Amino acid sequence: MSKQPTNLTTSWGAPVGDNQNSITAGSRGPTLIQDVHLLEKLAHFNRERVPERVVHAKGAGAHGYFEVTNDLSAYTKASFLSEVGKRTPMFIRFSTVAGELGSSDTVRDPRGFAVKFYTEEGNYDLVGNNTPVFFIRDAIKFPDFIHTQKRHPQTHLKNPNAVWDFWSLSPESLHQVTILMSDRGIPATLRHMHGFGSHTFKWVNANGQAVWVKYHFKTEQGVQNLDVDLAAKIAGENPDYHTEDLFNAIKKGDFPAWRLYVQIMPLEDANTYRFDPFDVTKVWSQKDYPLIEVGRMVLNRNPENYFAEVEQATFSPGSFVPGIEASPDKMLQGRLFAYGDAHRYRVGANHNSLPINRPHAEVHNYQRDGALRSDSNGGGSVYYEPNSLGGPKESLAHKIAPFEVSGEAQSVAYDHHDHYTQPGDLYRLLSEDERARLVQNIVNAMKPVESDEIKLRQIGHFYKADPEYGRRIAEGLGLTVPQGE
Ligand code: HEM
């Protein structure tokens with residue numbers, strides 16, 4: 001017996017008389033403007049899209065939980081990390097960076113790894129990648145960098161000339177370029193890759209003592225990558241391969257999981273460490289700062305609705321909770337502005353009141369009104385501060401940990417310029433097979449570059465990381481390493 005369907009209604013709730021035939025003058029039309037259901041249906045359809053994310057447009061999301069496995073309350077007062085066994089609901093969105101919303105999943109690109117923890121003290125967003133470092137280390141270079149990753153303004157094609165021109169003139173990118181061009185540049189699935197907070201963050205404990213931390217999510221599925229030819233084939237045949245894999249794994253109860261670890265650096269070490277620990281193009285040695293387990297993240301529920309949950313999800317590196325604060329990392333500092341601004345443009349001023357973004361903690365503040373305010377908007381409660389009406393008040397205990405700043409204000413470069421040791425170490429760590437594939441991937445990516453000057457400049461960087469690395473790429477491109485490199 002089939003279920004009796006409910007009445008189809010307009011968006012204002014009135015029953016619809018006919019959803020298959022417009023109101024026309026006789027059977028051969030024209031259509032009457034009084035068909036308000038038709039007008040509303042067409043007009044709403046025209047407005048179905050919000051702007052896609054300017055980066056990380058293609059993504060897949062899942063719900064899950066985070067469970068503490070190690071008590072690190074000596075280092076942070078963050079309540080969701082306060083005791084072993086404590087569980088916090090979370091939502092994750094994985095993404096590629098450069099492609100558009102409909103682009104292929106199995107391309108060579110970093111993968112976004114954005115986690116929203118719905119803690120009892122507000123949402124904590126950790127908006128990282130599947131790589132521990134980034135291409136640049138100052139936010140002021142980000143729009144230019146992304147322009148080189150996107151399409152040429154005239155041809156609307158991807159442009160390897162711009163990519164390698166920028167990278168060759170920004171040698172701080174070498175570490176991330178080496179990771180990107182290695183086997184890890186195309187993960188087998190979203191489940192088979194690690195995640196990183198990438199930046200250095202500050203943890204503060206209940207006594208106000210602070211440390212620097214870096215986050216590492218280690219996949220329990222193991223790291224697996226895709227062979228380049230297979231990836232290209234899949235990109236053509238099933239551009240949504242990673243999205244589908246994640247959805248199906250969770251649907252059949254094969255819940256992916258990651259262990260979260262941190263590296264912890266005493267505050268004062270930052271002054272004497274052998275490079276600037278806030279430089280996001282560098283990793284901290286795990287010999288100096290070993291991984292310490294924090295907890296386990298398990299993804300166990302698919303979104304019910306892609307647009308409502310994945311597309312409208314808004315993650316911001318600035319969404320901190322008490323016990324977790326910013327570091328002076330110049331990229332992070334820029335990101336603290338960029339995301340909220342993007343969300344207000346892409347989703348709207350009230351994006352945090354949408355179900356996917358709404359904190360599980362109660363929200364009490366004096367923000368009112370704005371487009372698409374869909375909750376009670378504070379009702380008749382007090383709407384200004386200071387007030388003598390018992391409105392919500394700040395809690396001094398939650399001020400940030402004070403810190404000293406010094407130096408002359410100026411546009412200043414980093415004071416460390418070794419862009420070569422860490423990529424060179426990474427190259428030397430690879431097996432011969434891995435090196436051969438890395439070199440081949442780079443050669444293939446650089447071949448279309450029209451200018452030998454760009455190629456030679458970039459080869460010079462590979463050479464400085466490791467002479468063999470540079471030589472092999474030069475050979476692959478039929479060039480010789482410039483004398484004096
Ligand atoms: C998304 C800006 C660096 C990871 C975005 C978005 C913007 C942005 C505007 C789109 C946000 C939205 O529409 O919801 C920037 C700027 C950066 C920067 C200005 C440098 C100053 C980074 C770095 C990482 C990163 C270093 C990783 C370590 C992500 C991720 C997303 C994203 C994962 C997607 C978030 C989601 O799934 O909604 N970025 N970004 N970004 N960015 Fe960045």
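Even glycines carry a Cβ here, placed using N, Cα and C.
Because TrEMBL annotations are produced automatically, they should be read as predictions rather than curated entries.
These figures come from a predicted structure and were not determined experimentally.
As annotated in TrEMBL, region 'Disordered' covers the listed stretch 1-27 rather than the other ranges in 1-27, 136-162. Taking only the Cα positions, the spacing between Tyr339 (heme binding site) and His56 (active site) is 12 angstrom.
In the three-state DSSP classification, Tyr339 (heme binding site) falls within a helix. On its own chain, His56 (active site) has Ser95, Thr96, Val97, Gly112, Ala114 as residues at least 6 apart in sequence with a Cβ closer than 8 Å to its own Cβ.
The recorded positions examined here are Asn129, Tyr339; by Cβ neighbour count within 10 Å, the least packed of them is Tyr339.
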